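One structure is given here, and the rest of the page talks about it.
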Amino acid sequence: MDVSERVNWLKLSTELGRLSEKALLAIAQSIQEQEIQENRRIGLEDTQPAALYILYNGHLESYRTSKTSAAKATSLLPGAIVYLKELLLDEVAEETVITLDDCTIWTIPREEFIAIAQQFPELGQAISRQLATQLEQAEAELAYEREKQIALRPYLVPKVKRGIVGTSRYATRLRQEIKKASSDRGSVLIFGEPGLEKDNSAALIHFGSSDRKEPLIKINCNTMQPNGAELFGRVGKPGLLDWIGRGTLMLNNLEDISPEFEEKLVQLLKTGQFTPIAREGEPEPEPRSYEARLIMTSEKVLPQLEKCKLITHVIKVPPLRVRKSDIALQADYYLSLLTKSRGIAKPKITPEALRRLQGYDFPGNYVELENLLNRAITQAEGRELTEEVFWSAGDKNRRFRVNLLNAYPKLRQFLRSSWWPDRINYGFTLGLFAVVVVVLFAAPQTRDRNFALNLFWAWWWMLILISFPFVGRLWCAICPFMIYGELAQKISLWLFPRKLQPWARQSAEKWGGWFLFGLFTLILLWEELWNLENTAYLSGCLLLLITAGAVIFSVLFERRFWCRYLCPIGGMNGLFAKLSMIELRAQQGICSATCTTYQCYKGGPQKGEGMETGGCPIYSHPAQLQDNKDCVLCMTCLKACPHRSVELNLRPPGIELWTTHHPSYSEVCLLFLLFGAVFLHRLPQVEQLFGINLHLDHFGIHTIVSMLALMFPAAISLLFHQILRLLNRRSRPFLELAYGYLPLVLGVSLAHYLHLGLTEAGQILPVTAATFGGNAELIATLPIAVAHPAVIEFLQAVTLIGSFWCSVFLTQKIARQPIQNLLPQHFALVILGSGLWKLIIVS
Ligand code: SF4
Ligand code: SF4
Ligand code: SF4
């Protein structure tokens with residue numbers, strides 16, 4: 001190439017083209033042409049450039065190595081001028097320049113070029129132009145980056161939330177599958193039930209891959225335009241697939257995509273190309289390639305994608321219910337996270353609570369578990385997390401209910417008023433109980449001459465047994481024992497301000513039932529051996545004993561510890577309340593979605609329509625109640641709730657016994673103890689029926705016979721259960737089936753007390769007169785209401801027959817097996833029921 005050709009080329013192909021002819025000629029004359037092979041360095045950063053280089057042919061790359069950031073390389077094409085600025089400004093080279101392939105380079109040695117520059121000052125302007133061009137380029141790049149950031153920012157996933165927790169084989173396999181998917185750039189489908197944090201698994205794949213420095217964006221398919229315009233862009237407007245480059249695109253909730261988008265997605269996966277969306281009237285744009293990696297998450301596999309086998313990795317995330325062994329670790333992990341974010345100490349979860357979590361199916365998976373723990377931490381207020389503070393949303397067993405509070409607004413008004421139960425308790429029951437106890441000690445000691453004894457044995461026992469199927473444990477809301485307990489608590493706190501002891505929940509759960517069973521046994525023996533029914537002062541002692549328990553435990557512990565765990569009457573009430581046709585519960589949906597204060601449980605100041613209360617006195621949460629045992633119907637929660645979540649439901653009687661209740665051994669023992677108590681009360685009839693002398697006048701023999709009577713129903717039931725197990729290997733355990741006897745126990749107890757009630761309760765007026773020393777004439781004039789023996793027998797018979805069939809029905813419901821499989825248990829019912837028929841009605 002001669003000089004004039006070089007001048008022309010410089011003019012046309014380089015930034016020097018604006019120089020004068022003379023200057024270009026001087027440059028062209030100084031050029032030495034060199035052929036340089038691929039991958040040779042022609043200049044080194046931070047050193048003086050040896051010459052000016054003009055790339056005539058081939059490719060160069062300039063770069064600067066940096067210890068603090070990634071090296072950024074620029075590719076240079078023919079016409080590029082290297083080290084012009086450095087030579088004109090006498091600086092060291094900013095970048096290293098190497099050949100990318102075999103190149104033809106025109107070189108002007110440093111001294112010669114400096115001489116030309118001195119001769120032609122216009123060369124200084126060339127450098128200004130070069131700098132201006134570079135600046136323009138940099139600005140364009142910056143603007144592009146800025147636009148890209150703006151486009152991607154709403155969708156960016158900055159980091160992984162968490163790893164896969166657990167050691168089960170499911171957790172291990174999931175980790176392996178995620179690792180495998182991270183090792184290449186193939187498309188991935190992650191599917192599984194809601195709440196499994198599938199997007200987090202997608203993030204684990206991206207951030208575990210070699211593309212981790214590229215962006216990860218997540219698009220929720222349910223919010224995307226049906227034609228996918230955000231993704232594919234429009235003519236003249238890039239979409240996310242353009243912006244993301246080699247990053248990862250996560251299509252979240254793929255099950256929500258439109259059929260239109262589904263087709264485009266199939267094309268995208270099949271061809272590796274997409275077509276921007278054309279507006280109406282615009283020509284169809286050309287298809288474009290994309291570099292991004294695709295990860296999709298879905299609740300199900302889309303048939304079309306599966307059919308075309310377009311996905312490289314398909315990962316199924318196992319639901320939490322099949323990973324029960326991971327629940328402990330997962331719960332512990334969430335607890336650490338949640339307590340850390342609140343800046344509080346991590347509470348312990350009791351083994352029972354953990355078992356309860358493991359027994360639950362978690363339809364909402366991790367999300368539900370996390371919410372459950374979050375609520376539990378709020379509710380527990382720093383205490384250990386017991387099973388009471390875990391309650392789940394969505395209970396399919398809550399059918400067949402009518403909320404009486406909605407049906408009868410006046411009932412709601414009454415139960416939220418100060419009348420229930422405080423004004424009744426402190427205005428009436430408190431005083432009446434004191435009178436009853438004084439009369440029991442001070443007045444004549446037999447039932448026909450002491451109205452308090454009549455009230456206790458003839459009225460109270462009959463009425464409370466009748467009340468159980470209708471109002472459950474309502475007695476406990478107006479119970480005088482506890483009113484004195486509450487009063488003692490208030491006075492003691494006033495006299496000695498202090499913090500009452502928290503409950504030892506674990507031990508109480510474990511031993512409370514056995515304590516009250518033991519105490520009830522002793523009371524029954526005491527009643528039988530010392531004839532409490534007809535000895536007023538001893539009956540008074542019995543009432544005082546229970547009141548003393550309530551008072552002592554109320555002075556020591558917060559709220560009503562005695563009522564929750566230890567009271568024998570409360571134990572009986574809780575057991576029979578399971579048969580009730582009403583229940584108090586809260587709507588779990590409202591509680592979990594709208595409540596943050598849990599005032600029903602914790603108490604607190606007035607909020608909205610929720611009144612100021614001290615919270616549930618027996619530490620029950622109305623949304624977590626699984627049976628009626630732990631609710632005394634005090635309505636504190638109804639008053640406290642600001643969200644109208646609490647319901648008083650009418651329901652099929654006893655439905656919880658075959659749906660939600662928790663059986664326990666101590667409660668089953670109490671059940672048979674109450675059964676045995678009827679045989680105990682009927683020992684004289686046993687003697688009469690069998691024509692034997694049980695020597696009940698001998699204390700020792702009487703004690704032994706009484707204990708045998710108490711154990712008799714349990715022995716018969718266990719014997720027949722063993723026969724049942726022999727005949728039916730798949731039968732339910734005794735612990736569950738034993739509750740089938742409950743209606744019969746209530747029925748026979750009522751049949752027993754009906755006699756006393758219907759013959760003596762109606763004599764209350766003459767008995768009251770006798771109590772206060774009324775003379776025989778006056779007593780004879782007072783009205784009485786006594787049922788005819790035939791009426792009593794009829795009512796007892798109806799009660800026995802009705803309760804027998806209720807027991808058969810309940811046993812069937814609990815067992816969920818054909819009747820022939822349960823014949824031995826039904827036979828035991830027949831034996832015990834007919835035995836009591838003979839003792840109560842025939843004898
Ligand atoms: S549990 Fe016992 S003391 Fe408490 S309210 Fe009920 S009967 Fe009364
Ligand atoms: S019952 Fe009311 S106060 Fe209690 S958790 Fe539910 S909404 Fe909250
Ligand atoms: S759940 Fe409600 S009604 Fe039942 S005991 Fe607790 S506060 Fe009273």
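Yeah, the Cβs are placed from backbone N, Cα and C, and that goes for glycine too.
The domain 'Cyclic nucleotide-binding' annotation in TrEMBL covers 15-134.
The feature domain 'Sigma-54 factor interaction' is assigned by TrEMBL to 164-378.
Summarising the annotation, TrEMBL assigns transmembrane segment to 424-443 (among others). Away from its own ends, the transmembrane segment (424-443) comes close to residues 449-453, 455-456, 478-480, 483-484, 487, 536-537, 539-540, 543-544, 771-772 of its chain (Cβ-Cβ under 8 Å, at least six residues beyond either end).
Remote same-chain partners of the transmembrane segment (458-487), defined as residues 6 or more beyond its termini with a Cβ less than 8 Å from a stretch Cβ, comprise 420-421, 424-426, 429-430, 432-433, 447, 543, 546-547, 549-551, 553-554, 560, 562-563, 567, 569-570, 573-574, 576-577, 579-583, 628-629, 631-635, 653, 746, 749-750, 753-754, 756-761, 764. Residues or ranges marked as transmembrane segment in TrEMBL: 458-487 (among others).
Taken from TrEMBL, the feature transmembrane segment applies to 508-525 (among others). Remote same-chain residues near the transmembrane segment (508-525) are listed as 352, 386, 542, 561, 564-568, 570-572, 664-667, 669-670, 673, 677, 680, 703, 706-707, 710 (criterion: CB distance under 8 Å, separation of at least six residues from the stretch ends).
Sequence annotations record features per position, and here TrEMBL assigns transmembrane segment to 537-557 (among others).
Sequence annotations record features per position, and here TrEMBL assigns domain '4Fe-4S ferredoxin-type' to 621-651. Beyond its flanks by at least six residues, the domain '4Fe-4S ferredoxin-type' (621-651) meets 379, 388-391, 400-406, 411-412, 415-416, 420-421, 471-474, 476-477, 560, 563-564, 570, 574-575, 577-578, 580-588, 590-592, 594-595, 597-601, 603-604, 607-615, 657, 660-662, 667 of its own chain at Cβ-Cβ distances under 8 Å.
Positions annotated as transmembrane segment by TrEMBL: 664-681 (among others). Below 8 angstroms of C-beta separation, residues 512-514, 516-517, 520-521, 524, 528, 571-572, 574-575, 629, 706, 709-714, 717, 734-735, 738-739, 741-742, 744-745, 748-749, 752, 832, 835-836, 839-840 of the same chain, each at least six residues beyond the ends of the transmembrane segment (664-681), sit close to that stretch.
The annotation transmembrane segment is assigned in TrEMBL to 701-721 (among others).
Summarising the annotation, TrEMBL assigns transmembrane segment to 733-754 (among others).
Within the chain carrying the transmembrane segment (790-810), a Cβ under 8 angstroms from the stretch's Cβ atoms is held by residues 654, 657-658, 739-744, 746-748, 750-751, 754-755, 758-759, 826, 829-830, 833, 836-837, 840-841, all 6 or more beyond its ends. Per TrEMBL, transmembrane segment is recorded for 790-810 (among others).
Distant neighbours of the transmembrane segment (701-721): 521, 524-525, 528-529, 669, 672-673, 675-677, 679-680, 683, 686, 694-695, 734, 737-738, 741, 824-825, 827-828, 831-832; these residues of the same chain sit at least 6 beyond its ends, with a Cβ under 8 Å from one of its Cβ atoms. The residues of the domain '4Fe-4S ferredoxin-type' (621-651), classed with DSSP into helix (H, G, I), strand (E, B) and coil, number 8 helix, 5 strand, 18 coil.
Counted with DSSP, the domain 'Cyclic nucleotide-binding' (15-134) comes out as 42 helix, 38 strand, 40 coil.
Mean pLDDT for the domain 'Sigma-54 factor interaction' (164-378) in the predicted structure: 88.
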